[in-house]
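Novice: First, the structure itself, so that you have it in front of you.
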Amino acid sequence: CTVIFTRMATKDLHKPISVLFCNLAFSDLFTSFSGFWISMLFITNPDITIFGSKDMLAPYAFYTVSILSTIYNLVSIGIERYLAVAESMRTRFRVTRNHSIAAVLINWVLAFVLGCLPLMGWNCLQMENNLSVLYSPFCVNYLIFIAIPNVVVAFIIPLFTYLRIIIILRKRKLRMKACGQATGTYKSAEIQVARTSIFIWLLALISYAPFFSGVIFDATNHQCHIDLYPGVYIFRNCTAILITINCLGNPIIYTLKVKTLGAKLKALKCLSTNRIRACTI
């Protein structure tokens with residue numbers, strides 16, 4: 001909420017990347033609220049979260065939508081950063097705010113279409129075979145359909161974009177060094193991108209790898225719910241906690257580390273008395 005408020009209240013931060021940052025914060029907020037909804041259902045009626053019920057379809061569907069939206073936003077940020085660096089020396093193409101808004105709309109439409117498929121009929125409420133043990137009444141084949149492609153997207157595309165950014169910055173630094181020019185800016189930018197990409201990879205790995213392993217377990221498991229209780233459901237709850245940690249980590253990595261945003265957040269506290277100083281910052 002702090003990220004969203006600061007981004008929207010500061011006009012000169014309404015840049016293409018700021019639109020994606022703000023939407024990422026909204027996706028994380030949506031994920032947290034969806035997880036809270038599921039937690040309340042678990043507290044009030046634990047059996048429906050274990051054995052499955054029609055009441056779990058909507059919470060799990062919205063939870064899936066929010067996770068997919070977060071993944072697509074992370075990928076969009078990586079692509080935008082790559083285009084901003086790779087095309088910075090050209091005038092034929094610039095990433096504009098309209099491009100970012102279009103990417104946000106496409107991300108949400110795709111997330112809603114894929115995440116709401118169980119609400120449209122792709123569920124196992126009426127059948128016992130192919131039923132997910134961890135996420136009843138979802139079907140195992142639906143979870144595989146959702147998990148495998150999006151895990152590939154979440155890991156491969158950011159890997160490509162951030163590696164390409166580092167390579168481009170290194171080439172430009174060597175080119176400037178050969179011309180006898182100062183390369184301190186490119187060196188610091190290269191270090192910052194490398195550090196950020198490592199944080200992104202570690203956070204995504206810690207957050208989503210256990211969930212993916214749970215889907216693989218679901219696909220290969222042939223035991224009933226009672227035989228797996230309570231260990232496998234404790235593991236499921238831990239995967240939800242890790243996904244929530246990802247929602248907390250994204251603002252720190254992408255937004256709160258930005259010095260400009262920190263300065264603007266401080267400026268908003270005293271906007272009425274120090275308007276001129278805030279504009280200077």
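Cβ coordinates are placed from backbone N, Cα and C, and glycine is handled just like the others.
Feature annotation from TrEMBL assigns domain 'G-protein coupled receptors family 1 profile' to 1-254. According to TrEMBL, the transmembrane segment annotation covers 17-40, 60-79, 100-122, 142-167, 198-217, 233-256.
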Novice: Among the recorded stretches 60-79, 142-167, 198-217, 233-256, which has the greatest number of Cβ pairs closer than 8 Å to the transmembrane segment (17-40)?
Specialist: 60-79
Novice: Who are the chain neighbours of the transmembrane segment (198-217) in space, where the CB to CB distance is under 8 Å and they lie at least 6 residues beyond its ends?
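Specialist: Non-local partners: 74, 78, 134, 143-144, 147, 151, 154-155, 158-159, 162, 232, 235-236, 238-239, 242-243, 245-246, 249-250, 253.
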